[in-house]
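Before any comments, here is the structure.
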Amino acid sequence: MRLVAIACGVAVAASLIFGGTSRDGVPAIMVGLGAAPLLVALLIEPQALARARAVLAPLVLVVAIPLLQLVPLPPMLWQILPGRAPIVETYAAASLPLPWLAISIAPGATERSLLALVAPLAIFLGALACRREERRGLFGLVLLAGAGSALLEFLQIMDGPDSALRFYPPSDGSVGVGVFANRNHAAALLYCAIPIAAVALDLSRGRRPALRLAALAGFYLALVLGLMMTGSRSALILGAAAFVMTAALILRESLEDLAGERRSALLASAGFAVAAILLAPAFGLTTILDRLTAQEAGAGDRASLARISFDAARSFFPFGSGLGTFERVFPLFQPREAIAPAVINHAHDDLLELTLETGLPGLLVIAGTLALAMLCALRNRREPDASKRRERVAAAIALALLGAHSLLDYPLRMPALSAVFALCAATLAGPLDTVPKRERRRGESGGGGAARPHLDEARASAETRARPTDHARRPSRRSRRDPETVA
């Protein structure tokens, strides 16, 4: 395994273990330390960045926006920006001259947000540089983290609300949060593991299919129970969506390749369905259903929160208040009667929050990224290898789920989930297979997945045949001495 792949694995593992919170402190330091070797590896191996040329422009823009927000501006410029009138009035009331200030009203918060982008961007570049089998190992880390988080949720509930296994207090002691500080984010890791696990079944084709089907059903049952133990409404809605899309777009086609295993598939599906129906109510389904019918009130109400956030975004549009400044800006627009002791640190709608913080430039980058993702998804239809095509579909499902969740919460501000997002984005943006058709036919004629050679090996074989040999490139000594012989 190459240095880039090893370093990328370290960065992903550090993000999954320590990235369950967006707070500063030891967790953020550990995530940054985990990404440091990957940055060094990318610099040591410049060819690792060759695949990133096509997506380099969006990455540069993502970093450029907060950097430009940190550039100090003269008073004659920044005081005419939208939303700066209260700052000008404060200096005037104190009889102080206007200093040079940046677009960000809290440069320290913007700097921390910029540093938080380093790990996911490095993971994206590292995963893009990895070979296919190396990316499989990275997906394996995500599955391992999902299973471990579900087990940790069970232990947290059994140990009570004051359990030492709850790493980020305070948290709701009646539900499981796994390695996260928030149950919604714990659920996000689990529903992302659903399509990835289906790809793992597809990639290991040819080895005891009945046993693998049973293992997949058992793993899915653990994920379902883990989703229920979070008590999260998004766990029920997005988890169900993940299962439906995975079954329709991945498992159906994957099971068609397992000839003669329909009986095993039916038994595994029936066992999974029966166990899930019987166990889900006992593991928290009733709690989720109760929360779906409950009404939130006060400053924490989502509708009120969105309305205030929209007013703030409109006041700072089109330049924004600075990345990471929502917590500073929101109280300025909060009605006095709605002010509560609890600090509102996010809008629970990342699109709205990013509009407030980055303004029109941020919206343009988001729109461009969505367009690029859709082009990559459509391009996947031209992928000749069915197994690799399903791998990209799984990545697209996880990206779509996290994107939809971001309209109701802030999952991508968690380093663990941003690492999963970066890994899936790299998988979707990777190059298509370029093996000639005759090589694929020759590999597929071997009869089934077990006899089918790996596409990378076929590609290497094709390149070897296309490359002239030393004997063909260099004439013999006799030929060099006798021009007539050459002729």
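Placed from the backbone N, Cα and C atoms, the Cβ positions cover glycine too.
Here the structure is a predicted model, which means the values were calculated and not measured.
Now, the feature entries from TrEMBL:
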- 29-45: transmembrane segment (TRANSMEM)
- 52-71: transmembrane segment (TRANSMEM)
- 113-130: transmembrane segment (TRANSMEM)
- 137-158: transmembrane segment (TRANSMEM)
- 185-203: transmembrane segment (TRANSMEM)
- 210-229: transmembrane segment (TRANSMEM)
- 221-366: domain 'O-antigen ligase-related' (DOMAIN)
- 235-252: transmembrane segment (TRANSMEM)
- 264-283: transmembrane segment (TRANSMEM)
- 359-378: transmembrane segment (TRANSMEM)
- 390-408: transmembrane segment (TRANSMEM)
- 414-432: transmembrane segment (TRANSMEM)
- 435-487: region 'Disordered' (REGION)
- 435-444: compositional bias 'Basic and acidic residues' (COMPBIAS)
- 453-473: compositional bias 'Basic and acidic residues' (COMPBIAS)
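Three or more CB pairs closer than 8 A are found between the transmembrane segment (29-45) and the transmembrane segment (113-130), so contact between the two stretches is assigned (pairs 6 or more residues apart). When the domain 'O-antigen ligase-related' (221-366) is classified with DSSP, helix, strand and coil residues number 109 helix, 0 strand, 37 coil. Note on the domain 'O-antigen ligase-related' (221-366): its mean pLDDT in the predicted model is 82. Packing against the transmembrane segment (113-130) from elsewhere in the chain are residues 2, 4-5, 7-8, 11-12, 14-15, 19, 22, 28, 31-32, 34-35, 38-39, 41-42, 45, 48-52, 55, 59, 62-63, 66-67, 70, 138, 323-324, 413, 415, 418-419, 421-423, 425-427, 429-430: each is 6 or more residues past its ends and has a CB under 8 Å from a CB in it. For the transmembrane segment (414-432), the residues of the chain that approach it from at least six positions outside its boundaries are 11-12, 15-22, 27-28, 31, 51, 54-55, 116, 119-121, 123-128, 130, 135, 138-139, 142, 145, 179-180, 182, 185, 188-189, 192, 372-373, 376-377, 379-380, 382-384, 391-392, 394-396, 398-399, 402, judged by C-beta separation under 8 angstroms. When Cβ-Cβ distances below 8 Å are used as the criterion, the transmembrane segment (137-158) is approached by residues 1, 5, 8-9, 12-13, 16-17, 127, 130, 165-166, 174-180, 186, 189-190, 192-193, 196-197, 199-200, 219, 222-223, 225-226, 229-230, 416, 420, 423 of the same chain, each at least six residues removed from its ends.
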